[in-house]
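What TrEMBL says about this protein:
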DOMAIN    260-352  domain 'Transglutaminase-like'
ACT_SITE  C268  active site
ACT_SITE  H326  active site
ACT_SITE  D349  active site
BINDING   N389, D391, E439, E444  Ca(2+) binding site
Amino acid sequence: IASTQPSTDWHLKENAREHHTSKFSSEELIVRRGQAFTITFNGVERPEQNLIFIAETGPKPSKATKTLATFDISSTASKEGWSAVLQSSSSNSVSISISSPQKAIIGRYRLSVQSGSSSPQSLGTFVLLFNPWSSGDDVFMPNKAECEEYVLEEFGIIFAGNKNHISSFGWNFGQYQGDILNICLSILDRSLYYRQDPITDVSHRHDPRYLGRVLSAMVNANDDQGVVLGNWSGKYEGGKNPTSWTGSGEILQSWKKSGFKPVKYGQCWVFAAVLTTVLRCLGIPTRTITNFSSAHDADGNLRVDEFYDADGNHLERGADSVWNFHVWNESWFTRNDLGPSYSGWQVLDATPQEESGGIYQCGPASRHAIKEGDVDLDYDGPFVFAEVNADCMYWNYDSATGKKNLIFSKSTEIGDSISTKAVGRDDRVDVTRDYKYEEGSAKEREIFKKARKKLGLEDKFDPTAPKQEEIEQKPDISGRFKVASSLEVGKDLNLLLVLENLQSDAKTVTVNMTAWSTLYTRRRVNQIWKDSISVTLAPKEEKQFPIKIEYPKYQQHLTTDKTIQVTALCHVEDGIQVLVQRNIILENPAIDIQVLGEAKVNKEVFVEVAFTNPINEEVKDCMLQVEGSDLLQGILELRIPPLKASEKSSTKFKLIPSEAGPKHLLVNFSCDKFADIKTFKMVNVIN
């Protein structure tokens, strides 16, 4: 007679505590590989007979692909394969400690047991993840505080702005909330790699290098109907403006709810933040990295060419570009393919910029290889190296004649203030020195030459060697823009153009000036202002010219990145042209968060958010968006009545925290005149 289905006690609480998976709110067992977990089951016939366990994953489990394991009870846990050790048994119930190999495939497993000659009986399913706490795992991270930050922490800070003005905003990664783990597993099963060859794909899922690359492709929608659709046009109809998101949860849930249609819209930090969520969820230590003045070298010559017309307008010529900032990821794992010195932090980039192996994916590139100029090592070294090291060439281009003249070149412009969040603190840490030697040092130039040589850019027919028109001449004048008042949305923009004659004879200069609203990628969206002046500079004279751009003039043209590029192209009589440029970021007004009283687990606590309208006209369509893991479920959206000039609004809402510890509340305020004013507050929840 066939016995009834065995009933299994998965010891969810105890196993989760041992395996650092307590933050998942799941009825299913979630454990980490290379570490024992205990289960108890009853209803198995003759438990005293030899029990055989079967663990299997993927569509067609087999021993050859390591997606199927059968193992019986042994006296000690195995280091190599799967093993089961008897803890205790009674007439009909057995407690077993099961261990998985340190390089086991991750994902959802089906577990069954067979006793004697009877057919296998299902015990149920469990999910196996990477184990950064285990020294034999490829993702082992010896520092426990770093494991806490890069795997368990659900809050992050992303740096943005530009190198002269670094700003930051909070992000709710939310990797342990609701259904996120299941969504992450379904991302793997929707990749091109899985669709082409599911059996081989699943057999590679023990390798963080493989999964990092697959996920860098799947987080963007290009090629594979992945999670997020990029949009850098400045127009975001039919979707959400990339600056409006405050966490990954809403994006991943929307992707699943829509039947896996790409979520509109993302820009670099959205791709990086979603990839952080997915990798942390699966147990791979991951962080976001912001690179300021980031090069996008489309033609692989480690050089970025920028073109300007005679009026000083930046021209969209060629595919190279320099972004005010770019956000990518670093994940921590060993590189058995490259050797021990290349292990540690690996660069992954899910923003679709250039194809690699025929699809939009990037990395993993060893950070150490980038610093040492070893651009020939897998994967995508030249592209990442250029992002932090490319030389910049600025050209004057005449569209009528097709002639170009080099205005100047710079080798120290690219890859500035490379930033990430500190471990255990809400501060910025500068990691530029981990990517390159000091700018301007002999070592840095030596590495740059080494990288060029490896890419075959050093032969005598070098197409990038200076041609006649590229030889730089010494300019007669120098110029710079100075900021003359605070840079705030809603206020007039006051700048000074400072010009200095470097020669000992007088110079006549025609200056063509433009100001454009741009995206953070420096892509021009709207011209805001233009002017030209003619000036004479006495020998060695320095002169200042005030520039005023009024708020009404830029207000309707400003992008949500709040960036303006001001350019002055100076034509010196009988001399060479001088380009003066500044990328300006305007500050949003502040919002203030107060927690009214003590935050306790499962008790209501009120929060007040205050905003004062700083401009002398009414603002309307005001909206407050609030989220925070373990503080509230999902996202709270509150409409706020219009605010007259200088009027203050204060909005109260309640939280019911579900877990003790330091938690972060993220707030985003928008209205018709100000987009996405973001702030966050740490809330210490007590039991």
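Cβ atoms are placed via backbone N, Cα and C, with glycine included.
Distribution of TrEMBL features across the structure.
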residue: C268; record: active site; contacts (Cβ under 8 Å, 6+ apart): W323, F325, H326, V327, W328, T351
residue: D349; record: active site; contacts (Cβ under 8 Å, 6+ apart): S216, F271, A272, W328, N329, C362, G363, D380, V384
residue: N389; record: Ca(2+) binding site; contacts (Cβ under 8 Å, 6+ apart): A295, L302, I414, G415, K436, F448, A451
residue: D391; record: Ca(2+) binding site; contacts (Cβ under 8 Å, 6+ apart): L302, R303, V304, S409, K410, S411, I414, F448
residue: E439; record: Ca(2+) binding site; contacts (Cβ under 8 Å, 6+ apart): S411, T412
residue: E444; record: Ca(2+) binding site; contacts (Cβ under 8 Å, 6+ apart): K436, Y437, E438
Env. residues of Ca(2+) site, Cβ within 8 Å of mean position of N389, D391, E439, E444 Cβ: S411, T412, I414, G415, K436, G440, R445, F448
Across the domain 'Transglutaminase-like' (260-352), average pLDDT on the 0 to 100 scale: 95
